[in-house]
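Colleague: Checked Swiss-Prot, it gives:
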DOMAIN    1-66  domain 'TGS'
REGION    247-538  region 'Catalytic'
BINDING   Cys338, His389, His515  Zn(2+) binding site
Amino acid sequence: MVQITLPDGSQRQFPGPVTVAEVAQSIGTGLAKAALGGRVTEPGGEPRLVDTSYRLEHDAQLAIVTAKDADGLDMIRHSTAHLLAYAVKELFPDAQVTIGPVIDNGFYYDFSYKRPFTPEDLAAIEKKMTELARKDETVTREEWTRDDAVAYFKSIGEDYKAEIIASIPANETLSLYREGNFVDLCRGPHVPSTGKLKVFKLMKVAGAYWRGDSNNEMLQRIYGTAWATKDDQDAYLHMLEEAERRDHRKIGRDLDLFHFQDEAPGLIFWHPKGWALWQQVEQYMRAVYNDNGYQEVKAPQILDLSLWKKTGHWDNYRENMFTTESENRVYGLKPMNCPGHVQIFNAGLHSYRELPLRYGEFGQCHRNEPSGSLHGMMRVRGFTQDDGHIFCTEDQLQDECADFTALLQKVYRDFGFHEVLYKVATRPEKRIGSDDIWDKAETALMESLRRTGCEFEISPGEGAFYGPKIEYTLKDAIGRHWQCGTVQVDFSMPVRLGAEYVDAQDQRRAPVMLHRAILGSLERFIGMLIENHAGAMPPWLAPVQAVVCCISEPSADYAAQITQTLKKQGFRVQSDLRGEKITRKIREHSLQKVPYILVVGDKEKQNGTVAVRGLGGLDLGVIALEDFAARLAEDVAARRDVVQPESSAN
C-alpha cells in the first residue's frame, strides 16, 4: 500500500507503486490533462521536481505541477529548449547541439553550425517547432551509463555533447530524454509530451563561446521565450517593445545626455545635460548622508597590492581588478571602497562612545568586466557608488540595519520607485571567516528585516565572500526588477586590517563593519531612472526644468529677462530666442522632455505673465511669473511629477 499526501493534507491510498500521472488522474480528469510534473517529498528527503511518469514506490507528499506554477513554467521553457534543438536537427542535420538552459522569461540553446543562422532560418525553425509540438510526441526519460552515452553521441557526430558527458564521473547514471528521433542529455524533468508546448517564439541569434572561453569556437545561441498562455506571451512581448522604447542608450543619445565610444569600453562620456542630471542625484544623496549621521570622506583610487592581499580581494577578486606598476611596486585600481574606509577609521583611536561611526563616499571604482558583458550604463567598467561603511558594535548591528532599510525605502520613493523586494544572500562556498561569524551575521540581517516588517526571501550561497547581505530589488514602471541597494555585514575585514575601538572595559575590540549602498552604481541607477521615467524626469531631477520661448522678436527681451529671473532663484532654465515658429519650438522642447515650456508674446510682456505648458500636454494657462516659480518650487520640494494634479500636491 502506498499513501500519497496532497498539499491540502488529504491522503490517497494506492495498492502499489503509482505514477504522478496516475495520482493526478485519481484526483480528476482536468488535473490529469493539465499535469506537467510533480513536486515530491519522500521520507527523509528534500522536495524535488519529477516527471509525470515518475513512480512513487513508498509513502510520499506530492503536489501536481501545472502551467499555473512557476515550476511548471520553467518545465515548459526547458522542454521548449529541447523542442528547439529537435527542430534544428530536423532542418539542419549537420548542426551540433551543446547546451540549452532556462533563463529569465525564456530559454536558449547553443549550436555549432557551418554558417550563421539567418532571420529566415529562425522563422523556419519556429515553424518546424510548431509542427513537432502538434504531433504531440511523448517525451520519455531513459537512464544510460556514461560510456554508452559518450559512444552514442560520438556515433551520431555530436562531439560537443560527447565532451560534456565524458566530463561526468564514470559511475554516475545519466538521464536522457527522447522525443521522436531526438535524444538529449538532461536531468529533467520535462513535460509529458510535445503537445504541452503551445506558446513560444524565437527571439534572436547571438554569439557565445563554447564553455564561455574566448579561446574556444564561437557558437550560435538562439534565444526564445515560452509561456503558459498567449495572453502572457503577448504581455511579455509588449513589455519588450516598451523596454526598447525606454532604452537608456537611445534616450541618452536623443536627449544629448551622454555617449559611449570604442576608445573607452565600459566608460561614459557625460554631456552637460547628463552631468546636470548626475549632479542632482549626487546632491540629493549628499543630503541623505548629512541628514543621517554620515561623514563624507574620500579615499585614494589606487592602493598597493599588499593591502588588497590583506583584505582577501586579491585571492577572491583578482580577475576583476585592473593593476598598474610604478617604481617596482604593483598597485590595484580599487574595485571597492571598503579598504580605504578602514584605513581612515584606523587613522585614529576610537572609543565605543563614538560608535556607530558612519562614513560615506561617492567612490569611483573600476572592475575589469568582460567586454561581452558590457551594456550601456547598466554594466560598466568604471562607476561611482554612494558607498557607505558603518563601524558599530554587535549590539548596535540590528538597529543600524533596520534604520538603513527605512532610509532606503524613503530614498527609493523620492526617486519614483514604490515597490521593493528583499532578499537575504547567505554564505557562498568560497568565503572568508568562520561559520560562527557567518551565523551571527545572517541572523542579524534577517532579524532587522523582520523588525521593519519586510517580507524577504533567502538566496542560499549568494553572499559576497566576506559576508552575507540584504539585496534590495526595485520594480520599475514596466514591471522589470532591478537589484539595486545592499547592506552587508562584515566581521572579517576589520580584523584583517587591524581596525579596533576601545570598549567600556577599556579593552580593544574589532568593530562590526556594515557595507551599505542605496543606489549602488550611480551610473546604473541613472540608467534605471531614465528608463523608469522614459526620459521624462520630474522637475527636481530634470537637467533643464523650463524653457522660455518667445513668440516673436519683440518679446525676446522679456523671455531673456524671465530666464534670468528664474535662474537667480536657483532654477535650471534656458531661453529659446530663435526666429522659428512657436509651434516648432514647443515640439522640439517637448521631444527633449523639458518639464515646462513658458511661451511669451506681446500680451504676456505687457501683463508680466507667462503661458505655461507642462510635459504630457498639461495646459496651465496664463499665470503670473511668481505663481509659476512657486509651482516649480513646490514640484522640487515635493519631488513630484509635472503632471500631478494640484489636489495631490501634498
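Cβ coordinates come from backbone N, Cα and C, glycine included.
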Colleague: Here are the binding-site residues: His389, His515. Which has the lowest count of other Cβ atoms within 10 Å?
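Modeller: Comparing Cβ neighbours within 10 Å for the binding-site residues His389, His515, His515 has the fewest.
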Colleague: Using the Cβ center of Cys338, His389, His515 as the Zn(2+) site position, which other residues in that chain lie within 8 Å, going by their Cβ?
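Modeller: Leaving out the recorded residues gives Met336, Asn337, His341, Val342, Asp387, Gly388, Gln488, Asp490, Met493, Met513, Leu514, Arg516.
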Colleague: Tell me, what is the mean pLDDT of the domain 'TGS' (1-66)?
Modeller: 94
Colleague: Sort out the sequence-distant neighbours of Cys338 (Zn(2+) binding site) for me: same chain, 6+ apart, CB within less than 8 Å of its CB, listed by position.
Modeller: Thr311, Asp387, His389, Asp490, Met493, Met513, His515
Colleague: Tally the residues of the domain 'TGS' (1-66) by DSSP class, grouping H, G and I as helix, E and B as strand, and everything else as coil.
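Modeller: DSSP classes over the domain 'TGS' (1-66) add up to 14 helix, 26 strand, 26 coil.
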